[in-house]
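Per TrEMBL, the features are:
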type: ACT_SITE; residues: His101; note: active site, electrophile
type: ACT_SITE; residues: Glu171; note: active site, proton acceptor
type: BINDING; residues: Asn15, Trp16, Lys17, Gly177, Ser216, Gly237, Gly238; note: substrate binding site
Amino acid sequence: MTVSLTTPRPLIAGNWKMFGLEASLDEARAVAAAVAQAPPAARVAICPPATLLHRMADALSGESVIVGGQDCHAAPQGAYTGDISAPMLADAGATLVILGHSERRGSYDETCEEVSAKVLAALAAGLEPVICLGETLAQREAGQAEPIVTGQARNSLPDDLSGQAFAVAYEPVWAIGTGLTPTIADIAAIHAAIRAVLVERFGDHGASVPILYGGSVKPENAAEILATPEVGGALVGGASLKAKDFLAIIAAA
Ligand SMILES: O=C[C@H](O)COP(=O)(O)O
C-alpha cells in the first residue's frame, strides 16, 4: 500500500456481524497483544455484536485496537425497540461505526437517505463512520456497478463532512462471504470513481478519506488488494473472527 505523508494510516476493520459470544473476546485480546508487540502500519478496529461491545472496549482499553459498532439509529434516543443509538455506542466504548452495510440495506431496506442521517448522528456522538457502498451481482452484470456505487456515495454522504473523520468502504454485495472477489482492475476502477466523488464533494479533504475494500478479504489475497491504488484499508468479515487470519491481513497492510 502506498502511503504518503498526507495520507492517513490505512484502516483494517473487522466486522464480526452476528457472530461471537464472550469466549470470542480471547480472539480480540490475541489481536491486541500481537498489535502491541509489533505495531502495524494500519489502524486496527474490531466491530463486535452490540452484546460484546462494552466488554470488548473494557478488555482492549489502553490497547491500540479500537472498537466499533455495526449500525446505529439516526436519533440519539427514543422509543425504538431493539435499536441502538450513536451516543449509546460511544458510551459503550466505541470510537467508530459501520453504516449502510449491504446486509442492512438489503435486509432492512435501509436507504441512502437513512444512511446519511445516521452518518450525521454518528459524527454528533464523536464516532467515525465507515460508510459502505456496493453493487449487487445483477447490477454488475448489467454494467451498472460504477453508477450504482457513485450514486450511493453521493446520496449516503451528507454535505457537511469537510474536516470530519470518516471512511468509505466499497463492498460488492456478491463478494461478501462468497470467496469471490472483483479483479484488481475492477477494484481500482470503482475506488477511483469513489475518490472522484469524494474530491468533487469535499475537495482536499475528500482526497485523503480512506476508501476500504471489503468482500472475501483473506490472508491469501490481502496483500494484492491492499496494494491496489486508492485502497486505504479493508473491511473484513469472516476472516476477522480468528485472530490468526485477521493478524495476517493486518500484516499485509
Ligand atoms: O463487513 C464485512 C463484509 O461484509 C465482508 O465480509 P466477508 O469478509 O466475510 O466477505
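Each Cβ is built from the backbone N, Cα and C atoms, and glycine gets one as well.
A Cβ distance below 6 Å to any atom of ligand 1 is met, among the binding-site residues Asn15, Lys17, Gly177, Ser216, Gly237, Gly238, by Asn15, Gly177, Ser216, Gly237, Gly238. Note: Glu171 (active site, proton acceptor) has non-local neighbours His101, Ser102, Cys132, Leu133, Gly134, Tyr213, Gly214, Gly215, Leu235, i.e. same-chain residues 6+ apart with C-beta under 8 A of its own C-beta. In this entry, Asn15, Trp16, Lys17, Gly177, Ser216, Gly237, Gly238 make up the residues listed for substrate, with the farthest two CA atoms of the set 14 Å from each other. Glu171 (active site, proton acceptor) falls within neither a helix nor a strand when secondary structure is assigned with DSSP, and so counts as coil. Secondary structure from DSSP puts Asn15 (substrate binding site) in a beta strand.
Ranked by how many other Cβ atoms sit within 10 Å of their Cβ, the binding-site residues Gly177, Gly238 place Gly177 at the bottom. For the binding-site residues Asn15, Ser216, counting C-beta atoms within 10 A of each C-beta gives the highest total at Asn15.
With a 10 A radius on its CB, Trp16 (substrate binding site) counts 21 other CB atoms from all the protein chains.
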